Amino acid sequence: MWLEILLTSVLGFAIYWFISRDKEETLPLEDGWWGPGTRSAAREDDSIRPFKVETSDEEIHDLHQRIDKFRFTPPLEDSCFHYGFNSNYLKKVISYWRNEFDWKKQVEILNRYPHFKTKIEGLDIHFIHVKPPQLPAGHTPKPLLMVHGWPGSFYEFYKIIPLLTDPKNHGLSDEHVFEVICPSIPGYGFSEASSKKGFNSVATARIFYKLMLRLGFQEFYIQGGDWGSLICTNMAQLVPSHVKGLHLNMALVLSNFSTLTLLLGQRFGRFLGLTERDVELLYPVKEKVFYSLMRESGYMHIQCTKPDTVGSALNDSPVGLAAYILEKFSTWTNTEFRYLEDGGLERKFSLDDLLTNVMLYWTTGTIISSQRFYKENLGQGWMTQKHERMKVYVPTGFSAFPFELLHTPEKWVRFKYPKLISYSYMVRGGHFAAFEEPELLAQDIRKFLSVLERQ
């Protein structure tokens, strides 16, 4: 009898696993209200309003006064960026910021693209919307939503946008011409922050889906890295029939399967689906994964637990804010940059570009609300939310940049995204792909579209 029960149980489990293993689940498309107070009975204003970035002499004067009060602490000898942002190099950065950086000029650059705001679920959502200046005969532009992460902003996409919207004038084929929409995550930059607890990536994905509908797009493509990769993933889980293609340059795919391959991959990598390049980027696993993630994730523990505490200090000090943000643009671009006195920052970025991104946090006072996004998404622990355990069933492309904080092998990506149709090992670049290597990322997005359209 017990043998029959055991065999029946095993058979039942096998049938359940076989039936459910490829079940294309979707997240429920709910509704929300994140503005202050209770939701009004009146219909929400769905108008789309032009917006312009502005500044003032008073704003700049206040910034300069605060910079002038910076209190310098000498770094330890030969510490480079191992202890965080090297304060000797910080002096150079703030001297440039105080005496040479032209915020009014950068505001003009920000306003080169059309900005808009619209109210969704009680929040004023900011976005830029860039249409192609010209189209080949018989072509229509492909709508592409691009989503930033932390501590970035919509400004990360300024150099890649013309490569996507006007490829012919930038030495590229006009086979794929895009209409690009770059929103600011609520609580970042010019998008209003939630007044209520619980505003996470799924809520953001739903709002951005509503934004695309409001702009008249029933079907569209989406692209993201960092938080943008999770938000875009959630969009594909919420409304897969509306997402024609998903392109990522980062993927949160840690699972029992990836853990197993990490533990056994150095010896049995080929049998576990790892390539020689995967093994090169992941091993020795103690240094390249475990020690590296421990060393670079301290900020995450703070922001997942008590974001308002550190945020209050950063929101009061522009120099502290710059050090906190720019240290990520050093190490996340290449972890080896921590061995350099200047963190390698100007090897990949200009100080004007870096400080413009910092100013988008400083002038809007959004560092605290941006950090709260960590607590809302990760504060309850890993793999505690439904979407983390769900697969994604839309055509997917992936760019694996070699200096991303954690390399993600194709086998891992395919486990989460079974319809992966394009996976590229990029020749250089790190976490801030669109900001650092716009040409490479644009080429891979176009490659993904070519593969998708051939199918």
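Glycine is treated like the rest: Cβ placed from N, Cα and C.
Per Swiss-Prot, the features are as follows:
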{"type": "ACT_SITE", "residues": "D226", "note": "active site, nucleophile"}
{"type": "ACT_SITE", "residues": "Y374", "note": "active site, proton donor"}
{"type": "ACT_SITE", "residues": "H431", "note": "active site, proton acceptor"}
{"type": "MOD_RES", "residues": "R295", "note": "dimethylated arginine"}
{"type": "TOPO_DOM", "residues": "22-455", "note": "topological domain 'Cytoplasmic'"}
{"type": "TRANSMEM", "residues": "1-21", "note": "transmembrane segment"}
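Feature annotations (Swiss-Prot) mapped to structure.
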residue: D226; record: active site, nucleophile; Cβ contacts under 8 Å, 6 or more apart: H148, G149, W150, G152, M250, H431
residue: R295; record: dimethylated arginine; Cβ contacts under 8 Å, 6 or more apart: none
residue: Y374; record: active site, proton donor; Cβ contacts under 8 Å, 6 or more apart: W150, M300, Q303, C304, P307
For the topological domain 'Cytoplasmic' (22-455), mean pLDDT (0 to 100): 96
Surrounding CB atoms that lie within 10 Å of the CB of the residue listed as 'active site, proton acceptor', all protein chains: 24
R295 (dimethylated arginine) - helix vs strand vs coil (DSSP): helix
Y374 (active site, proton donor) - helix vs strand vs coil (DSSP): helix
